[in-house]
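Participant: The annotation ATP binding site is assigned in Swiss-Prot to Ser107, Val108, Arg109, Lys188, His221, Gly222, Lys223, Arg227. The region 'RNA-binding' annotation in Swiss-Prot covers 205-241, and the record cites sequence analysis as its basis. Per Swiss-Prot, active site, for NTPase and RTPase activities is recorded for His225.
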Amino acid sequence: MAELACFCYPHLENDSYKFIPFNNLAIKCMLTAKVDKKDQDKFYNSIIYGIAPPPQFKKRYNTNDNSRGMNYETVMFNKVAVLICEALNSLKVTQSDVANVLSRVVSVRHLENLVLRKENHQDVLFHSKELLLKSVLIAIGQSKEIETTATAEGGEIVFQNAAFTMWKLTYLDHKLMPILDQNFIEYKITLNEDKPISDVCVKELVAELRWQYNRFAVITHGKGHYRVVKYSSVANHADRVFATYKNSAKSGNVIDFNLLDQRIIWQNWYAFTSSMKQGNTLDVCKKLLFQNMKQEKKPFKGLSTNRKMDEVSHVGI
């Protein structure tokens, strides 16, 4: 994750701003600079290589002292920065909005995936600039539309029916901020269209998850798509979701946290997010993740969501 101010800076033209991508030499200069505390939140002028990000974001970049940041000296960083600027420059951002826009935290890996989709000649995003910009605006929180299959970050499609598409995420192969844990495996499920879904399509998806992915929990971060994650990573996802939800509320950005379809979501996660929306503390909410919950009734005849160890699938071993 990183703020948009880590990729570009605003330049006032008439009554709105144009956004310009940083070059990596300017960033490198900023990372070596000694800057007064009172200037940490200001864009840094490298003199030689142009404007650089505010020094307060130093930890967002990979250095000898910090291996958890972005590999900003890669070609991919430049591609992501340019893509962000193209999307922002399609909007009219005024002085009252610019600080809020640049402070928004976005998924670096999501944006790299959109670059990969854009460069794939077989992908619809290669052929449609309009759809590409729409996808980026959704990714950076500048659109109220949800991420559907056409505008999704992408990956390897492992399941699809009339209503849903399930993607295996390819973060292990990334250049900008790769996941280093070789055991990482995670999926995302997007809606093909943002419209009511038939019970038949839901049952098809639940059956696929029940028999092929029952080593995983189906959760949501509240943004209109599902995530399929290892049970061992659920607590970590809970911490992140809770922190994001509370920070958004604190900063005045009221978000409509979408609980999605209770028949698909792991019931403990549904209880966790429902409790979070009611205003309970993190400890109270997380206890619900580890409780043995009895399902009131089976959502579909012939399908159970209970995990039986003699029926566990091989996906995820």
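Here the Cβ of each residue, glycine as well, is placed from N, Cα and C on the backbone.
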Participant: Can you grab the distance from Lys188 (ATP binding site) over to His225 (active site, for NTPase and RTPase activities)? Cα atoms, rounded to a whole Å.
Facilitator: 7
Participant: Cα-Cα, whole number of Å: the residue listed as 'active site, for NTPase and RTPase activities' versus Ser107 (ATP binding site)?
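Facilitator: Here the two Cα atoms are 15 Å apart.
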Participant: Around His225 (active site, for NTPase and RTPase activities), how many other C-beta atoms are within 10 angstroms of its C-beta?
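Facilitator: Neighbour count, Cβ to Cβ under the 10 Å cut-off: 22.
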Participant: What does DSSP call Ser107 (ATP binding site) in the simple three-state scheme?
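Facilitator: DSSP call for Ser107 (ATP binding site): coil, neither helix nor strand.
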Participant: What is the maximum Cα to Cα distance, in Å and rounded to a whole number, among the residues Ser107, Val108, Arg109, Lys188, His221, Gly222, Lys223, Arg227 annotated as binding ATP?
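Facilitator: Across Ser107, Val108, Arg109, Lys188, His221, Gly222, Lys223, Arg227, the widest Cα separation comes out at 18 Å.
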Participant: Pick the one among the binding-site residues Lys188, Lys223 whose Cβ has the fewest other Cβ atoms within 10 Å in this structure.
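Facilitator: Result for the binding-site residues Lys188, Lys223: minimum number of other Cβ atoms within 10 Å at Lys223.
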Participant: Around the Cβ of Arg227 (ATP binding site), how many other Cβ atoms lie within 10 Å? Please give the count over every shown protein chain.
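Facilitator: There are 21 of them.
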Participant: Could you tally the C-beta atoms, other than its own, that fall within 10 angstroms of the C-beta of Val108 (ATP binding site)?
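Facilitator: For Val108 (ATP binding site), the count of other Cβ atoms within 10 Å is 23.
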Participant: Non-local Cβ contacts of His221 (ATP binding site) (under 8 Å, 6 or more apart, same chain)?
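Facilitator: Result: Arg227, His237, Arg240, Val241, Thr244.
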Participant: Name the residues of the same chain, 6+ apart in sequence, whose Cβ is under 8 Å from the Cβ of Arg109 (ATP binding site)?
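Facilitator: Set apart from Arg109 (ATP binding site) by at least 6 residues yet with Cβ under 8 Å, we have Glu153, Leu169, Tyr171, His174, Leu176, Met177, Ile179.
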Participant: Tell me which residues of the chain lie with their Cβ under 8 angstroms from that of Gly222 (ATP binding site), as long as they are six or more apart in sequence?
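Facilitator: Counting only residues 6 or more apart in sequence, the Cβ neighbours of Gly222 (ATP binding site) under 8 Å are Val241, Tyr245, Ile255, Asp256, Phe257, Asn258, Leu259, Thr273.
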Participant: Other than its own, how many Cβ atoms are within 10 Å of the Cβ belonging to Ser107 (ATP binding site)?
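Facilitator: Around Ser107 (ATP binding site), other Cβ atoms within 10 Å: 16.
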Participant: Which state, by DSSP, holds Lys188 (ATP binding site): helix, strand or coil?
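Facilitator: It is in a strand.
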